[in-house]
Amino acid sequence: MSRKYFGTDGIRGRVGEFPITPDFVLKLGWAVGMAFRRQGNCRVLIGKDTRSSGYMFESAFEAGLSASGADTLLLGPMPTPGIAYLTRTFHAEAGVVISASHNPHDDNGIKFFSGQGTKLPDDVELMIEELLDAPMTVVESARLGKVSRINDAAGRYIEFCKSSVPTSTDFNGLKVVLDCANGATYKIAPNVFRELGAEVTVLAASPNGLNINDKCGSTHLDGLQAAVIEHHADLGIAFDGDGDRVMMVDHTGAIVDGDELLFLIARDMQESGRLQGGVVGTLMSNLGLELALQDLHIPFVRAKVGDRYVMAELLARNWMLGGENSGHIVCCQNTTTGDAIIAALQVLMALKRRGQTLAEARQGIRKCPQVLINVRFKGESDPLEHPSVKEASARVTEQMGGRGRVLLRKSGTEPLVRVMVEGDEEATVRAHAEQLAKIVSEVCA
């Protein structure tokens, strides 16, 4: 059944434009409270990133929960995976994240976790949508939900992150640059790595409500690359605004993306006897990852794009590790969703066990040339269903002769068509991608 409000990862949009408005978020809080109160008493955790609009939407959502009779626990600024973890440990019925992830400050969104710290099942999302279209009612005064704040939320999550590596772990002598994207990891990540012994230089850790992801973080790596070289660091780690994506930079300033990080963790887990089953990637995962894992006899399957689909595939197969090239990495032995800090720690442990630099360790995977072009579109029609787009995609696929892949898909979080072409010769791949993007752009116009 199609959804009216929910995308692939909650509800997201421009602040002040429907549905990211205070009145809608108030109604959403009420609908969530009503949905979960059907199971009895209800407590909901709310966390957010550092956007200035987060305070407005936190208050609105909290008011809606109270009107439904649900209690609220406020976490303040907290990485998305931290909210998932605390939802589990506090035995809450649900967790709420107010964030637009890697998007700029003038976007925001609401996404949810179940009491188990996983993304909401489809039937619960559909129930919330039905309630959103129903008249809002308020419980009697004596049954209004209560609100309290968890003051030690950051400390709890810091200790949880540290517990994901052996207690004997000591990164003494390791020089690391962290880019916190002026987002939700700005206090937590530096403390985690320093408490584990690393020498840490921190970038983009002064949020002002407007500078989240602004020329920093996992989608803007120039500053991190320069800082790693300037400080003669061993590596750099970049998080996105809500702390569920991670990218790295080696000591030469070369970018190490999610596919490569996933390979490093998988190889280490195999070598240490901790890998259960295989690895789940997505339709966007580089062919080089699949081939590198194949060389290690590690099974690999592709899920739809989105960490919720990666997680669903992991659960269905009872596997432990999956991720996306964007840096969402799920380590099921530790987490129930993509966790940037914990994924980075697993990579550092892999390097430590092998006695290698990041530049040396990444040589185990040879990525195939891949070009991704985003084309913005407006309107309700699906540009991917247009005959000229279908014909062009089929033509390029035929021209590549089985030596590459073509993938056209709509983003689940932004009004974009993603045009991806992958093959064994970069110039050819780029030419094909630009040709397809031009046709998609003409259709969208």
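Cβ coordinates come from backbone N, Cα and C, glycine included.
If you look up Swiss-Prot, you'll see S101 marked as active site, phosphoserine intermediate, on the strength of sequence analysis. The Cβ of S101 (active site, phosphoserine intermediate) lies under 8 Å from the Cβ of D9, T80, G109, D240, G241, D242, D244, R245, T413, each of which sits 6+ residues away along the same chain.
According to Swiss-Prot, the feature Mg(2+) binding site maps to S101, D240, D242, D244. For D244 (Mg(2+) binding site), the Cβ neighbour count at a 10 Å cut-off comes to 35, with all displayed protein chains included. Following the DSSP three-state reduction, the secondary structure of D244 (Mg(2+) binding site) is coil.
Marked as phosphoserine by Swiss-Prot on the basis of sequence analysis: S101.
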Assigned element (helix, strand, coil) containing S101 (active site, phosphoserine intermediate), judged by DSSP: coil
